[in-house]
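Heads up: the structure comes next, in structure tokens.
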Amino acid sequence: MAAWDLLFRRVHLATFAGSEPYGTLRDGALAVRAGRIVWLGAERDLPREARAAQEIDGAGGWLLPGLIDCHTHLVHAGNRAREFELRLQGASYEEIARAGGGIRATVAATRAADEAALVAASRPRLARLMAEGVTTVEIKSGYGLELSAERRMLRAARALGETAPVRVTTTFLGAHALPPEYDGRADAYIAEVCDVMLPALYREGLVDAVDAFCERIAFSPAQTEAVFRAARALGLPVRLHAEQLSDSGGAALAARHGALCADHLEHLSEAGAAALAAAGSVAVLLPGAFYFLRETHLPPVARLRALGVPIAIATDCNPGTSPLSSLLLALNMACVLFRLAPAEALAGVTRNAARALGRGDDLGTLEAGKLADLGLWNVDTPAELCYHLGYNPLALRVFGGQISGAGDAAQG
Ligand code: NIG
Ligand code: FE
């Protein structure tokens, strides 16, 4: 038989494939060739002639798919600690946004930064995600709100993906907020997004998907729909910040356009949940933003579950509502705040997160044929990834079949 590049022995596998919640395969082994998983099963079933260039003794740890953070605003400049202070004195997120702060404050800082400065500011955030076993990360634009600055953000995201082993997918979020120069002219800004910015950035190969913020402090359903039409005309998948602060019917609108996912969803209605189910869209829940805004309206998890809507979990790493660069902490919050079972939360950063990025065919589960993005964890059960607070039990990371250390060795 052909030799393998890499063989893990003495591991338990949480495959997130099949019907059992973790897809558990105890006392397993997993083999990699040419960057892909080529064999997995019980170690006792390993073909006797099995040979690999490198063998890893997992010492009874758990091997999981590499974690996927499917919703981040990781590339940005500056921070909003001052706004945090104001909110602690009683100001609300919406009040600050309406007074010209919020997203616009980060837009000013991001417009003032060149591409190198954006990369330098963002790399430590990416390194922290990677140090916890993240092997794929989605990064949005949306703090430029003009062609040149949106381009710099997306180029910075691509540059981060080229200089680190992590896979980066980009999302154009030109319709994140109304830039100050368009005050009172939201429709004109949406026309600029659809007719100028999106086509140019798409032609430059900078856009993998398109997002918008459908909310009373952002864009209306009609404006959101215009963005979706422009995206679909270019063949780009769409997704949406929907029902975060109020019910605008965004999830149903996203579902009508075959969205990969709808995200936030604290104020999702029964009809919105049903529309997501019918469209097969993923519900991406962002417990960091829920926590940081002290939101009290819970996303309808039981309803989503009953309807069979796949649930993903992400950090929403951003300076305003979720300055969080720990997917492990997001997992814990999803369990404690949203009452997800640890197996559900973990499926939300593996199988369902891959699906939210349109990458379910080659990422997100341990199955023969999938890309060998893996994490080996020094835990007794996978639930421990959700259970600990501020503790990182990652032992080893594998990006496309290439081993990279963990702990201090994993910093970027
Ligand atoms: O996902 N909801 C809109 N966008 C971000 C927040 C952006 C910001 O406040 O800077 C979010 O919560
Ligand atoms: Fe977001």
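Any Cβ shown, glycine's included, is placed from N, Cα and C.
Note that TrEMBL annotation is computational and uncurated.
Listed features, source TrEMBL:
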type	residues	note
BINDING	His71, His73, His241, Asp316	Zn(2+) binding site
BINDING	His71, His73, His241, Asp316	Fe(3+) binding site
BINDING	Arg80, Tyr143, His176, Gln244, Thr321	4-imidazolone-5-propanoate binding site
BINDING	Tyr143, Asn318, Gly320	N-formimidoyl-L-glutamate binding site
DOMAIN	63-379	domain 'Amidohydrolase-related'
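Straight-line distance linking the Cα atoms of Thr321 (4-imidazolone-5-propanoate binding site) and His73 (Zn(2+) binding site), rounded to a whole number, equals 10 Å. Sequence-distant neighbours of Asp316 (Zn(2+) binding site) (same chain, six or more apart, CB under 8 Å from its CB) are His71, Thr72, His73, Asp263, Leu286, Gly288, Ala289, Ser322, Leu324, listed in sequence order. Secondary structure at His241 (Zn(2+) binding site), as computed by DSSP, is strand. Around Gly320 (N-formimidoyl-L-glutamate binding site), the same-chain residues at least 6 positions away in sequence with a Cβ under 8 Å from its Cβ are Arg80, Glu83, Tyr93, Gly102, Ile103, Ala105, Thr106. A simple way to gauge crowding: the CB of Tyr143 (4-imidazolone-5-propanoate binding site) has 31 other CB atoms within 10 angstroms, across all the protein chains here. Across the domain 'Amidohydrolase-related' (63-379), the prediction's mean pLDDT works out to 97. Other than Tyr143, Asn318, Gly320, the residues of this chain whose Cβ falls within 8 Å of the Cβ centroid of the N-formimidoyl-L-glutamate site are, in sequence order, His73, His76, Arg80, Ile103, Thr106, Gly142, Pro319, Thr321. Cβ neighbour count for His71 (Zn(2+) binding site): 32 (other Cβ atoms within 10 Å of its Cβ, all protein chains included). The Cβ of Asn318 (N-formimidoyl-L-glutamate binding site) lies under 8 Å from the Cβ of Thr72, His73, Leu74, His76, Thr106, Ala289, each of these being in the same chain and 6 or more residues away along the sequence.
With respect to their backbone Cα atoms, His241 (Zn(2+) binding site) and His176 (4-imidazolone-5-propanoate binding site) stand 9 Å from each other. Candidate binding-site residues: Arg80, His176, Asp316. Those with a Cβ under 6 Å from ligand 2, in sequence order, are Asp316. When the binding-site residues His71, Arg80, Gly320 are checked against ligand 1, Gly320 have a Cβ within less than 6 Å of one of its atoms. Sequence-distant contacts of His176 (4-imidazolone-5-propanoate binding site), defined as residues of its own chain at least six apart whose C-beta falls under 8 angstroms from its C-beta, comprise Ile103, Lys140, Ser141, Gly142, Tyr143, Leu145, Asp211, Ala212, Phe213, Ala218, His241. Proximity of Gln244 (4-imidazolone-5-propanoate binding site) to non-local residues of its own chain (separation of 6 or more, Cβ distance below 8 Å) is seen for Glu215, His264, Leu265, Glu266, His267, Ala289, given in sequence order. Of all the Cβ atoms in the protein chains shown, 23 others lie within 10 Å of the Cβ of Thr321 (4-imidazolone-5-propanoate binding site).
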